[in-house]
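Beneath this line is the structure, given in structure tokens, with notes to follow.
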């Protein structure tokens with residue numbers, strides 16, 4: 001457990017340095033998010049520093065597994081500015097990832113963050129795809145203790161290829177990295193994208209697209 005904590009500490013320090021390339025550097029010791037403020041800023045308004053407490057910088061429950069009882073066998077437990085107001089302006093967040101046997105974290109992107117992931121338990125196949133025109137898949141099978149980096153904005157995924165459950169911890173270079181799951185965004189958008197457009201884009205029959213959209 002001590003080795004795991006040390007590894008996570010190193011990951012956090014690394015990303016706190018990288019984050020400032022994407023989000024403004026703090027101009028004070030901290031800017032704890034004031035979720036009650038009506039002010040609209042890039043991030044969240046600051047709470048009165050004299051009202052800040054230790055609870056603004058802490059989170060409990062990351063040891064509890066995420067729910068993997070779903071179609072993809074995957075659960076995520078985020079620790080970002082929503083859960084920890086003290087992360088506001090600091091440009092970093094954390095997530096616990098749980099995978100049932102052969103569960104997947106489907107292809108997705110983080111529009112505002114790079115990600116560094118380490119396997120805590122199990123065995124994961126991971127990868128990302130480079131941008132057009134190459135669309136090159138760069139992938140690897142990770143064992144317990146291995147680390148992998150997903151560059152900001154690129155489509156990436158993970159799959160549990162072991163016989164038991166798998167657990168990973170990832171740090172991201174934003175207080176609010178965002179997630180765009182490709183299938184959900186394309187086939188489950190509100191309002192739906194025209195099925196004939198998607199059929200042409202994916203070079204499949206329109207009826208197939210409509211069946212997929214119906215599932216979302």
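Keep in mind that glycine also has a Cβ here, set from the backbone N, Cα and C atoms.
According to TrEMBL, the oxalate binding site annotation covers 105, 110, 115. TrEMBL lists 108, 110, 115, 156 with the feature Mn(2+) binding site. Taken from TrEMBL, the feature disulfide bond covers 31-46. The domain 'Cupin type-1' annotation in TrEMBL covers 60-210. What TrEMBL records for 1-21 is signal peptide.
Here the features listed in TrEMBL are placed on the structure.
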{"residue": "31", "record": "disulfide bond", "Cβ contacts under 8 Å, 6 or more apart": "43, 46, 47, 88, 89"}
{"residue": "105", "record": "oxalate binding site", "Cβ contacts under 8 Å, 6 or more apart": "72, 74, 76, 97, 99, 157, 158, 159"}
{"residue": "108", "record": "Mn(2+) binding site", "Cβ contacts under 8 Å, 6 or more apart": "155, 156, 157, 179, 180, 181, 182"}
{"residue": "110", "record": "oxalate binding site", "Cβ contacts under 8 Å, 6 or more apart": "150, 152, 153, 172, 174, 177, 178, 179, 180"}
{"residue": "115", "record": "oxalate binding site", "Cβ contacts under 8 Å, 6 or more apart": "149, 150, 156, 170, 171, 172, 173, 177"}
Neighbour count (Cβ, 10 Å) for residue 156 (Mn(2+) binding site): 22
Remaining residues near the recorded Mn(2+) site, that is with C-beta within 8 Å of the centroid of the site residues 108, 110, 115, 156: 109, 113, 128, 150, 154, 155, 177, 179
Local confidence of the prediction over the domain 'Cupin type-1' (60-210), expressed as mean pLDDT: 96
CB-centroid shell, 8 A cutoff, oxalate site 105, 110, 115, site residues removed: 95, 108, 109, 113, 117, 150, 156, 170, 172, 177, 179
